[in-house]
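Copied over from TrEMBL, here are the features:
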type: TRANSMEM; residues: B:6-29; note: transmembrane segment
type: TRANSMEM; residues: B:36-53; note: transmembrane segment
type: TRANSMEM; residues: B:100-119; note: transmembrane segment
type: TRANSMEM; residues: B:147-165; note: transmembrane segment
type: TRANSMEM; residues: B:186-214; note: transmembrane segment
type: TRANSMEM; residues: B:320-339; note: transmembrane segment
type: TRANSMEM; residues: B:402-420; note: transmembrane segment
type: TRANSMEM; residues: B:427-447; note: transmembrane segment
type: TRANSMEM; residues: B:471-498; note: transmembrane segment
type: TRANSMEM; residues: B:519-540; note: transmembrane segment
type: TRANSMEM; residues: B:560-583; note: transmembrane segment
type: TRANSMEM; residues: B:595-618; note: transmembrane segment
């Protein structure tokens, strides 16, 4: 059974068809990479799946239920976690409070006015931080963290509602190569342990080819390839969008 | 009203629009580039009227009048430049809105300086030489000077457009309005640019003021009236849009002129006096525009300014030292009636301070952790105060019931206004809250049969057992402590965390299932209700309530208290409110020029503690800690 099914998804900005009739599936427990050059429509695709942008046409189905028109917070409640391209945490809180906030929301305790929030779900929050290796920084202000650590905290936040699907928009953007590998290896381990499906976009091909179960390629809004690492590597169309045809300067060279 | 009379009023409206446009354009330009909401802009306009009056009467003749207008504009531009260089430049790095505190202090200082130089009387300038006559339009006489004013507005608009489009300075200004960090990164001297913009804005204000002396006398009340109108115009037109400012000025002036022109109208039994609706109408227009077009008629969504302020520390429970200090303070407050047995005035002041603390703490609740800068907190104070007072007046309600009704009425007001307000952010939210507060104020002021109009409601005295001053003091103390305690408790609870989450990163908050708008809306309602208690207590403490006690100045007082204490700390508003209330009381009793003195002290505090009194104190301690750590 497929966890997430995308059917003929399209989105137009002015005259640009940012996403054009894109369809794909993610199976339970699959680690799926969405790649493509800049401007291919990856982020637009993402923002439609998590509810930030309404699609012009097409369907997004999660475990058979339609996501179109739902707000990000409702999509989250269905069991879809997400991380952002530019990591977003609550800067006026400590690391553990960031995670606790997500746990409080998951337990529907947001409108409680009495018991201190810092006393709620502390154990579980520490557990989540331990999973991403951040338990030692639990009581530090989150704004003091290095960027790589912020990304890890974000991952812990995203795991707080025990999601069945995780959406990660460029999880390793702005990180050093070593950090990148560690983070994705961590995600991969969690995926296997918890049986979560993951859809992620990524620019580092090392990361993609080393960890992804399957790769789909977007170019100018269209899905041009779908397969495992080897078939994507050998796909002539993928090579063309990444490396060009070599014909761009031929004309001017002939003069 | 006949069609001709209608057209005639429309012409009147156009001439009034020019004056409004000058101030609003200056305000808009300054905000666009420096992100400072310059409350002192109305004061610059006021100085303009006085300087032009002096030149016109001292020099006399056409040279004195027309030359005076030009000279006034230049002089006010110089004053503006001086303000920017001497004061504002030092606090650009202070937290958001802190500059607002500084410009408010300037309002106080400039008002008293004007009083000192020109005296308290209204000064009517000479009529414009060459334009003293009037011509007949539509069967009525229209002064030629008004016709001149009708054309000056669009002319200046055109000149400004040329300047913005064709000159290097204009291009820089437009660039800085869009992204001032990028302009800085490109090597533009920002200091020069900011000074230039401030001078230009001041020049426009001075010009607007100077042109008015032939129509209206120069008075000391001009500053706050003009700044109120200018805010409305800028927000309706769209922040940073000059054409928008002119369009909005015309709309507002026309609506006002129309209300005056309509006068008393009968609607099948109902008599509506439209000339009394001018105040409400202006703010209703603004509220309607903001709800339909949140960024004004010609405005665009503001690019979020990457905050230069220092980020906020995580919330920590009170330390043992803070708890002990709080306990000692509480004991002192409980013993105050005993300590101050021989000076009954101390208790009166004590009640004032406690009410101010409750007011400021409730404002801080939405301003700090909620990130919603309300410029109209007086609305909920007023609803509470009038709710209680009117129950006593019309139904002879006992005090207990009246005091219980105060927060309820304020809660409903806050639920209604807040629902609209949380849909906006930043300056637009501030202005919409201001508009709502003005609607409450104008309704109270002009609905005479219910509220007694400008006379207010009298004879709202506490009933037994609280009819002695000491007993009422204890009641106030108990309610203030309870209110502050509850708000603090809420901030540490999940709800308070959700408020801060929504402020820190709305994107992330929504992505973990938080309904940010709903959380902020409820926060708004809670703050309104607590503020209503302060209002109810105020009515009973004074025995009366009048419109002037719930006007703009009360909203601004609240802002000053919160910013003075420090917006990023929970004890800030308590300290700020106490210091401000005591200072104000002390100075009002000691000197005629108390405004200038108060303004001067605020300026000193702003320069010395850019993060508020408590904020500065906290920083000092943490710095000492780090240096002692480094030493060991």
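Using the three backbone atoms N, Cα and C, a Cβ is placed for every residue, glycine included.
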Contact call for the transmembrane segment (B:519-540) against the transmembrane segment (B:471-498), three or more Cβ pairs under 8 Å: yes
For the transmembrane segment (B:186-214), distant same-chain residues with Cβ under 8 A (at least six beyond the ends): 18-23, 25-27, 29-30, 33-34, 38, 41-42, 44-53, 56, 65, 68-69, 72-81, 83-85, 88-89, 92, 124-128, 131, 145, 149, 152, 156, 169, 172-173, 175-176, 180, 222
Feature contact check the transmembrane segment (B:147-165) with the transmembrane segment (B:6-29), CB under 8 Å, 3 or more pairs: yes
Intrachain residues whose Cβ lies under 8 Å of the transmembrane segment (B:471-498), provided they are six or more past its termini: 315, 317, 330, 333-334, 336-337, 347, 350-351, 354-355, 357-358, 361-362, 365, 369, 462, 465, 509, 514, 519, 522-523, 526-527, 530, 533-534, 537, 540-541, 570, 574
Folded-back contacts onto the transmembrane segment (B:427-447), same chain, C-beta under 8 angstroms, at least six residues removed: 31, 37, 228, 231-232, 234-235, 239, 276-277, 279-280, 282-284, 286-287, 290, 294-296, 302, 372-379, 382-383, 386, 413, 417, 420-421, 453-454, 547, 550-552, 555
Residue numbers, six or more beyond the limits of the transmembrane segment (B:402-420), whose CB comes under 8 Å of its CB atoms: 287, 290-291, 376, 379-381, 383-389, 391-392, 432-433, 436, 440, 460, 520-521, 524-525, 527-533, 535-537, 539-540
Residue numbers, six or more beyond the limits of the transmembrane segment (B:320-339), whose CB comes under 8 Å of its CB atoms: 346-347, 350, 470, 473-474, 477, 481, 571
Close approaches to the transmembrane segment (B:100-119) from elsewhere in its chain (Cβ under 8 angstroms; 6 or more beyond its ends): 36-44, 46-47, 50, 53-54, 83, 87-88, 91, 218, 220, 223-224, 227, 556, 559-560, 563-564, 593, 595-596, 598-600, 602-603, 606
Residues of the parent chain within Cβ reach of the transmembrane segment (B:36-53), under 8 Å, 6 or more residues beyond its termini: 22-23, 26-27, 30, 68-69, 71-73, 75-76, 79-80, 83, 88, 97, 99-100, 103-104, 106-107, 110-111, 114, 117-118, 123, 125, 201-202, 205-213, 218, 220, 222-228, 230, 427, 430, 556
